[in-house]
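The feature phosphoserine is assigned by Swiss-Prot to S9, S28. The phosphothreonine annotation in Swiss-Prot covers T12. Look at Swiss-Prot and you will find 1-34 tagged as region 'Disordered'. Swiss-Prot lists 402-611 with the feature region 'Extracellular domain (ECD)'. The topological domain 'Cytoplasmic' feature in Swiss-Prot is assigned to 1-57, 109-113, 161-183, 239-295, 365-380, 633-643, 696-729. Summarising the annotation, Swiss-Prot assigns topological domain 'Extracellular' to 79-87, 135-139, 205-217, 317-343, 402-611, 665-674. Here Swiss-Prot flags 58-78, 88-108, 114-134, 140-160, 184-204, 218-238, 296-316, 344-364, 381-401, 612-632, 644-664, 675-695 as transmembrane segment, drawing on sequence analysis.
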Amino acid sequence: MNPFQKNESKETLFSPVSTEEMLPGPPSPPKKSTPKLFGSSYPLSIAFIVVNEFCERFSYYGMKAVLTLYFLYFLHWNEDTSTSVYHAFSSLCYFTPILGAAIADSWLGKFKTIIYLSLVYVLGHVFKSLGAIPILGGKMLHTILSLVGLSLIALGTGGIKPCVAAFGGDQFEEEHAEARTRYFSVFYLSINAGSLISTFITPMLRGDVKCFGEDCYALAFGIPGLLMVLALVVFAMGSKMYRKPPPEGNIVAQVTKCIWFAICNRFRNRSEDIPKRQHWLDWAAEKYPKHLIMDVKALTRILFLYIPLPMFWALLDQQGSRWTLQANKMDGDLGFFVLQPDQMQVLNPFLVLVFIPLFDLVIYRLISKCGVNFSSLRKMAVGMILACLAFAVAALVEIKINGMIHPQPASQEIFLQVLNLADGEIEVTVQGNRNNPLLVESISSFQNTTHYSKLRLETKSQDLHFHLKYNNLSVHNEYSVEEKNCYQLVVHENGESLSSMLVKDTGIKPANGMTAIRFINTLHKDMNISLDANAPLSVGKDYGVSEYRTVQRGKYPAVHCETEDNVFSLNLGQLDFGTTYLFVITNITNRGLQAWKAEDIPANKLSIAWQLPQYVLVTAAEVMFSVTGLEFSYSQAPSSMKSVLQAAWLLTVAVGNIIVLIVAQFSGLVQWAEFVLFSCLLLVVCLIFSVMGYYYVPLKSEGIHEATEKQIPHIQGNMINLETKNTRL
């Protein structure tokens, strides 16, 4: 996550509401001297702002890290709906900064805007946490509380986004420009620290702590909510130390009105008798000053280059949705640590901290020494290509995962597994209505196999005839089956005879890295088995079959079991990621219950570490595209237009999330094909952007009405420097 994108307040390092960038307004009151931090040139008030930002980023990213799995496993939405709502929320977080900037510029000022919208932010966390308490109402109430909470959070985080960093910049005197430069570096580090820590911790709160016998989403949302309360309290504590510039007018609104007036005026004066004007924006000259029109002209040249950018964000922001769902189907055991699927996102902020200085101090300098003109637009194009490669790698990983997933029966098909609990080998023959053998198989006693036989039906539902041979016994049974289901035929001795029962199997690999288990009780007593904080699992006597129960991956050496007159312990051993187990309780010994363990569906075998290459590629793409993009944009835009440019940049991110939302709902593609689609779309967009960049003529500083010398952002490692220099590409 870099200082400009992927985080909602990272983009505010050059704020749309900076007082330095506004058109001339009413004179500001003289700035008062503020106490310094430990005798330095830093205002003491900066400490409150930096701590506030750390807590707010912890709050936002901590909540967002577990959001997709909350939709999937708490609200029980499907993957497409979960992805769509996730990106709709992300998109809303990028639309609301325009509202926050307008409120701060035109009405309340930055300080009051941060305070009031932080209260809205906290209220959103309250609703979100209440919507994650299982005993509070039903699914409808949980959904309503969650959506209301997310809407308030989007308004809060987006609204304060364009204000916090700029408000910190307002605290410095003009003669302390170097200290202000270091402030932006510290501010950026606080953002990534909050993101890094929260993305690692909140999945642990969700998965390792149990609430009401389930994953503790209420705690995973509640702790970020408390951090937002802390952020608000800390920020308010510094109130008397802050410099609070008054609102000076909304430049975004002025630019919008100027463009709209020019368009309307042009259409009102379409007569051939009226002389044409050199540029379509010149039609605003009747109402707006020349310097504003010149600035808007410079702005539109850059906005034209922004047209292809949303597709890049469409790929980048899927780390928290589609890539988390992919990690959900992989083996998180790294040997020294078990990684939760939603913890993989922690790689992004960690790699950003490594890559920004690496690229700036090593890679870019080496390329420069080779005599290659690696311009800003070329860096952005290479960033797009790296994102394409990241999704191509993600597609390959998805294909590999699909090859390991247990297949599902198609139309007019069933899968059948025979489980032999007798003392010797049995022969099974399955026949259809036409007495044609669908299956002939010999099964050893207690044979552990994950093999399912595929049987073709004549209709959607059908009666099948089972012929069992055991020693000198021959038994015939008839069972009804339905298409697209998996079944287990359980065969066992019954005195001197042979009995069987057909049990419907789940046939589906447990999601979220969970383990699914069920029991067959061969004893003559009913049994209750306590696996977790939920109600005990009941298993009837004499080959009773329990329901499936999903539990966390791990070791279960002493599971509590009860009959009506005794208590036992049962060692289940290691239960692995994504596995379905059957335990057949066979007898009682001095050491407790004895059970035979069968693996019906094998574990997730592909390590989650295989996602590392795609995360490395997409983070490198983010550093090259996002950091460079704003550096280029700000070097090419007049200072009065930087706020509008910031709003436009955020809008490209919002549109990118909308693209993902649309594709998730309407593409109908399998996941690996969707990854390939996004990769190909971005490749096409990259070619278009490259052509646009080839014909782009850098704007000379002399071509702007402003002075030749101006402040433009310069990125140096993870430092954000405001240097005075000529505007050159």
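Placement of Cβ uses the backbone N, Cα and C atoms for every residue, glycine included.
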Among the recorded stretches 88-108, 184-204, 218-238, 612-632, 644-664, which has the greatest number of Cβ pairs closer than 8 Å to the transmembrane segment (344-364)?
612-632
With the transmembrane segment (88-108) as the reference, which stretch in 140-160, 218-238, 381-401, 612-632, 644-664 has the largest tally of C-beta pairs below 8 Å?
644-664
Which listed stretch (58-78, 140-160, 218-238, 381-401) has the most C-beta pairs under 8 A with the transmembrane segment (296-316)?
381-401
Recorded stretches the transmembrane segment (114-134) and the transmembrane segment (612-632) touching, at least 3 CB pairs under 8 Å:
no
Spell out yes or no: are there three or more C-beta pairs under 8 angstroms between the transmembrane segment (381-401) and the transmembrane segment (612-632), with each pair 6 or more apart in sequence?
yes
Looking only at residues six or more beyond either end of the topological domain 'Extracellular' (205-217), which have a C-beta under 8 A from one in the stretch?
66, 69-70, 73-74, 132-135, 223, 340, 342, 532-534, 552
Return the stretch with the most CB pairs under 8 A relative to the transmembrane segment (140-160), choosing among 58-78, 218-238, 612-632, 675-695.
58-78
Restricting to the topological domain 'Extracellular' (205-217), what is the model's mean pLDDT?
80
Taking a Cβ cut-off under 8 Å, which residues six or more beyond the ends of the topological domain 'Extracellular' (79-87) line up next to it in the same chain?
67-68, 71-72, 317-318, 320-322, 325, 657-658, 660-661, 664-665
